[in-house]
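Some notes on the structure that comes next.
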Amino acid sequence: MGPRLSVWLLLLFAALLLHEERSRAAAKGDCGGSGCGKCDCHGVKGQKGERGLPGLQGVIGFPGMQGPEGPHGPPGQKGDAGEPGLPGTKGTRGPPGAAGYPGNPGLPGIPGQDGPPGPPGIPGCNGTKGERGPLGPPGLPGFSGNPGPPGLPGMKGDPGEILGHVPGTLLKGERGFPGIPGMPGSPGLPGLQGPVGPPGFTGPPGPPGPPGPPGEKGQMGSSFQGPKGDKGEQGVSGPPGVPGQAQVKEKGDFAPTGEKGQKGEPGFPGVPGYGEKGEPGKQGPRGKPGKDGEKGERGSPGIPGDSGYPGLPGRQGPQGEKGEAGLPGPPGTVIGTMPLGEKGDRGYPGAPGLRGEPGPKGFPGTPGQPGPPGFPTPGQAGAPGFPGERGEKGDQGFPGVSLPGPSGRDGAPGPPGPPGPPGQPGHTNGIVECQPGPPGDQGPPGTPGQPGLTGEVGQKGQKGESCLACDTEGLRGPPGPQGPPGEIGFPGQPGAKGDRGLPGRDGLEGLPGPQGSPGLIGQPGAKGEPGEIFFDMRLKGDKGDPGFPGQPGMPGRAGTPGRDGHPGLPGPKGSPGSIGLKGERGPPGGVGFPGSRGDIGPPGPPGVGPIGPVGEKGQAGFPGGPGSPGLPGPKGEAGKVVPLPGPPGAAGLPGSPGFPGPQGDRGFPGTPGRPGIPGEKGAVGQPGIGFPGLPGPKGVDGLPGEIGRPGSPGRPGFNGLPGNPGPQGQKGEPGIGLPGLKGQPGLPGIPGTPGEKGSIGGPGVPGEQGLTGPPGLQGIRGDPGPPGVQGPAGPPGVPGIGPPGAMGPPGGQGPPGSSGPPGIKGEKGFPGFPGLDMPGPKGDKGSQGLPGLTGQSGLPGLPGQQGTPGVPGFPGSKGEMGVMGTPGQPGSPGPAGTPGLPGEKGDHGLPGSSGPRGDPGFKGDKGDVGLPGMPGSMEHVDMGSMKGQKGDQGEKGQIGPTGDKGSRGDPGTPGVPGKDGQAGHPGQPGPKGDPGLSGTPGSPGLPGPKGSVGGMGLPGSPGEKGVPGIPGSQGVPGSPGEKGAKGEKGQSGLPGIGIPGRPGDKGDQGLAGFPGSPGEKGEKGSAGTPGMPGSPGPRGSPGNIGHPGSPGLPGEKGDKGLPGLDGVPGVKGEAGLPGTPGPTGPAGQKGEPGSDGIPGSAGEKGEQGVPGRGFPGFPGSKGDKGSKGEVGFPGLAGSPGIPGVKGEQGFMGPPGPQGQPGLPGTPGHPVEGPKGDRGPQGQPGLPGHPGPMGPPGFPGINGPKGDKGNQGWPGAPGVPGPKGDPGFQGMPGIGGSPGITGSKGDMGLPGVPGFQGQKGLPGLQGVKGDQGDQGVPGPKGLQGPPGPPGPYDVIKGEPGLPGPEGPPGLKGLQGPPGPKGQQGVTGSVGLPGPPGVPGFDGAPGQKGETGPFGPPGPRGFPGPPGPDGLPGSMGPPGTPSVDHGFLVTRHSQTTDDPLCPPGTKILYHGYSLLYVQGNERAHGQDLGTAGSCLRKFSTMPFLFCNINNVCNFASRNDYSYWLSTPEPMPMSMAPISGDNIRPFISRCAVCEAPAMVMAVHSQTIQIPQCPNGWSSLWIGYSFVMHTSAGAEGSGQALASPGSCLEEFRSAPFIECHGRGTCNYYANAYSFWLATIERSEMFKKPTPSTLKAGELRTHVSRCQVCMRRT
């Protein structure tokens, strides 16, 4: 049994081996033919073997593994030999996705905090000591010192010539200062007896009437001594005589005195007789200012300052790039003739200097301006003036107390009243020599009585009875009441020159006199020596860069004396002048009795008294105060504040003579210069209206302080109160010195005298619209405009002189007159300050600029929603074309806000170094760069061939409502289109929303602190060029801010009753009042100090601008360079205060397109573009509205494909619904755009010759009327002065007409038309465009009528001593205009000054012409499809659905059941059968049909039958192939069986669709668009064919959805066998449509091998589309 069993087992083993071998052979495909009979035979044996194997087969099978030794099967075909395929297997886990699309550019980072100021630069070497600087400008007047003790008596003056001197008569000296009222003197000697007058009508003595005004002055007596005539009646006061010439007058001839008149009535107690020269009296009040003295000697040089750090001497280098303004360098060594530096800013006012010695006596000054009336406080009584002319007889005095005087002599004097006004000197009565009487006892000073009402002039009293027995003195009567001040007497003969009185205390600052004619320009002063610069942070440097315009500076040194201006109005009567007998000042004597009537003395100072009778009609007075504001008058000259000239730098190479510069505005107040040579005396003006106030004493001029050392720039001080106007200084010589650190703007000085009008400057580069500054000081009065239409009735004028009539009721306000013709064009103002090199922050919306040239039409934008009309702006400059970004989603326009109030003025950036004065602007600033779309994936892009064909132009979208006008961006040069990136998600909301509707404008608040510079928002993509918006309706005028501190003057009251009191002591300087709310819009305010520079925005290739280095020494002036390029716009600053509209600069040439800027996020939607000029595209046919199917379940989102080729542009869809405004995005990080490197900014060229005069700007709107000044004393009208600074901003003028339409932008490149794109999500609200520049100013309003006269009875106290310098006050209100300077002699033209600091950035020039189109960039790849749009609004109900029975099968290629696409219904789910192979023949299923989705899975889903009615299942070497999932093969590569197969088999769904379904293939990596009228079901990869065992397989119809698999896999199917196993085998191939470029269609294909990770880059994309129903 054993051997037999062994044999059996051996046979069995052999059979098994044979079966195994054959099975292997069969598995490996050895049986190539269809008739493998041997195989069948062996197979039979094999079956027997199987039945005989229970359990043993596996054991035996292991030896069978030696099969590889047999050479039968080619080793690589089936999986056993596939070990090297392991990496491939890993590949099936999913190849790496295509490179992700680049993310959106990050938002720009939030700008960092302002850094602290950098440390000061390293000090340079010490320079050699410069030459002596020019004399510094006189310091501000020191505070008045306390009055010094009376000086010693001066030398006695030379006696004047006495012509016609009556022998024996003494000439009177000039009037001394009034002494303290003496005690009543003892009665004088009796006067000579007068002749007996005719008896008067005796009336009962009435109560004493108030003193009447003095009667009119009598005629001057003839000039020879005639016989004594009867006493004449008092003559009528003549008008003030014309002032004599202002030469130093010799004493006049003494006119012979007329005969003595009859004896007058007893006078008031006369002045004390001349005693010995008394002790000097107390210091009287300061007399009127004398005429300006001759120019003083040049002061001794100041103490040289410490040496500054020397600068390194610079050679003339090539023009370097312009650095940012560095810290001030030390002074350089002056080698040869260096160019003169600019004169520094005013230093801080020095401490008051010590009171200097009195200078030599100057020529008589021109009469000072009347001080404002002092407040009545009891002053000390002045010494009696000369006796006035004899007045007419007053009312009868009180009856004397039985004092018959002896024989007509004076009655016994009553107790002395308070001193009367000075009488005219009496005639000498032939007394050969008047001996001075003894001084009377000093009377107690009376307090001033209340002023009585002005009485009528009494009739002449009766002549007193002659007193026969009047030899003895009568009893001393009680003191009479104080008489009224006497009339001004005729001018007496000039007395002998008295000693110089002590200077009085400073008087109050007088009201501004009328503006004199402009003096001729003075000759240039001698050249000063350069000052030294001391680096001391606390001291203000000499001139830094020009500060922002400060308050008008103090007047410069006096020019050579100009001709006399027109006669000013007579000042108010001053305090008694200081004409005394020459000699030492005695102590005031007591009041003597009145002497006999002396000769007519020189005119006493004007007395203060009641108004006399109405004189003859005077010449026309000055205009009264402003009337009610009329329509705005013509625009005055634009005033500019010119900084004080710094010391001139070293002489530069002489430039060619420029055109005459424009007249500068007032500079900072200079310290008062030395008095100029006296001008001629002006004619006497008309008497003013109203009671003259008492003049305040004139203040003493302080000595000039030493020049302060340059300080480091301090923080800007508060604006000080305006100082007193100084006299016009002489022009200093240019100093030689280096510019100091830029100081802070000094405290506003006293308004200087206005400079002459400058010649018209060349147009500066237009700055960005500045904000309106606070009102400047009242400028010089502008030229009279043409008469306006009759304005509304003014308020009642001040009552004329005379008894006030009954006040009529004020008339009602008349209607405003119609608009007058535009005023005469003002002269061009100075060019603005040079701008910074670095562009400042972008301002808020500028005012409307002039209309740009019309750009060519851009492509039509999507219609925006109707915005509210914006304020009419001028069209901005045309921007250059930005990089062509991927079109952003259309944003809905936000609601347009009404224009907000002007924002606060942003800080100025650091001043740039001096730029040259440019010719009229070259190209304008580059517009903001739009955000480029996300860059597409640029892998494997042939940049040369990327650009696609130009498509047809899309249909013109509907014109949307006009959105707010965006600023027109300058077009960038077209960038190379990147591949279209994936549509990004909607960007973060732009930083700035549209302004909401503004409420009614609130009162303007005080300016807030300057905010730090905001972060740079993402630049929006440039909107398409909007149609210029319709000019908005005129905004509601803001409600006027509260008036500033000073209210308008009220209507003049009736003249007060009473004599104006004496001047009170000067009150202490009041604290600065709280700032009023800002008045109506003022002139452009002075620029703030530059803020710390904002962080520079990211810029293109050039690095950020470094911190400013220390400035080098000034190089020699280079030749004029070309204008530097515009700087990159800085971060947008806060809005500055609105400036008044400057004159419009000439249009710049159209700029070249700028380079691209930083890509930002999508900007706000641009306004409606001008319709494009492209040809209209063909309209797509509209599909019929089908019946609506049921909504299917949403499919799973496919993974994004590789970016497809950009499809043709579809027709423009209708505007999407308005999206909600997004939240503000965080600032993105700058993304480097395609912008080429921008060269560094060139050095600014030297100033070009002034360009031709630009066309006149449109007249600005008149500013509001400034506060009324105090009523000036009316004078005769002066010659019209130079045009004043602009007044305060008037009410808004009548709305300007719309700006000229901007030039049409160049035509954009036509877009590439594609298929109709799917509707994207509504874009987020873009950033609101900048407000257009300010509209064209309206026509000039009519000139307002003069305001009502100010009150004329304000009595001003004397100034107190100045307190210590307080902290700078808030900026004061606009001071009244200073007096008009006298016409100076025209100076010779000075050397050209050094180049100014660069002005502020001009407004962008007008848009340059569009550059030629660049060559078209290569066509970008189309971006991947955007995410699905938001669901559309609900459509109309469809027609009832009909089951059409169209089936589509969708394969998930995962283990999840797929969802049917939207619009289809699920019928069932199953497993994805690809094809089956039986009997070595394959038959495939169309994956798009239901046959490919079997509801059940089996590795052998079929059986085979023969004609013998025998069927076999799972009995042969047959296969089934199923779509597989990404499940990776097991590492062992062993076949998978059982339930482990489940994860490998794809699931499918059969869906019923309402319409035909088909697949479209792009044969590119772009996803094709569905044809019009078809909608997308899914996108995928174009699967064509597959083969596996025996090279059998099948394919897909490309029109079938089965040819578009949603997942690409190199092995998309798995092979399963009847024996229950599945696996991937190396002979399985999948075939996919490849990508074909158009240019490669008829060329030999280039072989290539793609590895994992790049497979998808050459597989065609497809989309399954369903016809819309």
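A Cβ is built for glycine as well, from the same backbone N, Cα and C atoms used for every other residue.
Between Pro439, Pro632, Pro1004, Swiss-Prot assigns 4-hydroxyproline to Pro632; no such entry appears for the others, which is not proof they lack it. Which of Cys1460, Cys1493, Cys1662, Cys1665 pairs with Cys1570 is settled by Swiss-Prot: its disulfide partner is Cys1665. Of the residues Pro404, Pro623, Pro1298, Swiss-Prot records the annotation 4-hydroxyproline for Pro623. For Cys1511 (disulfide bond), the nearest neighbour among the disulfide-bonded residues Cys1493, Cys1548, Cys1616, Cys1622, judged by Cα separation, is Cys1616. The Cβ of Cys1616 (disulfide bond) has Thr1499, Met1500, Tyr1519, Ser1520, Tyr1521, Trp1522, Ile1541, Cys1622 as same-chain neighbours under 8 Å, each 6 or more residues away in sequence. Spatially, by CA atoms, the disulfide-bonded residues Cys1505, Cys1551, Cys1570 include one closest to Cys1493 (disulfide bond), and that is Cys1551.
Residues near Cys1604 (disulfide bond) in space but far in sequence (CB under 8 A, at least 6 apart, same chain), listed by position: Ala1559, His1561, Trp1578, Ile1579, Gly1580, Tyr1581, Ser1582, Phe1583, Cys1662, Gln1663, Val1664.
Highest Cβ count within 10 Å among the disulfide-bonded residues Cys1505, Cys1662: Cys1662.
For the disulfide-bonded residues listed here (Cys1460, Cys1493, Cys1511, Cys1665), the lowest count of other CB atoms within 10 A around the CB belongs to Cys1511. Checked against Cys1460 (disulfide bond) by C-alpha proximity, the disulfide-bonded residues Cys1505, Cys1548, Cys1570 yield Cys1548 as the nearest. Checking each of the disulfide-bonded residues Cys1505, Cys1548, Cys1551 against Cys1665 (disulfide bond) by C-alpha distance, the shortest gap belongs to Cys1551. By a simple count of nearby Cβ atoms, those within 10 Å, the most crowded of the disulfide-bonded residues Cys1548, Cys1570, Cys1622 is Cys1548. Cys1511 (disulfide bond) falls within a strand segment according to DSSP. Looking only at Cα atoms, Cys1505 (disulfide bond) sits nearest to Cys1548 among the disulfide-bonded residues Cys1548, Cys1551, Cys1570. When the alpha carbons of Cys1548 (disulfide bond) and Cys1570 (disulfide bond) are compared, the span between them is 23 angstrom.
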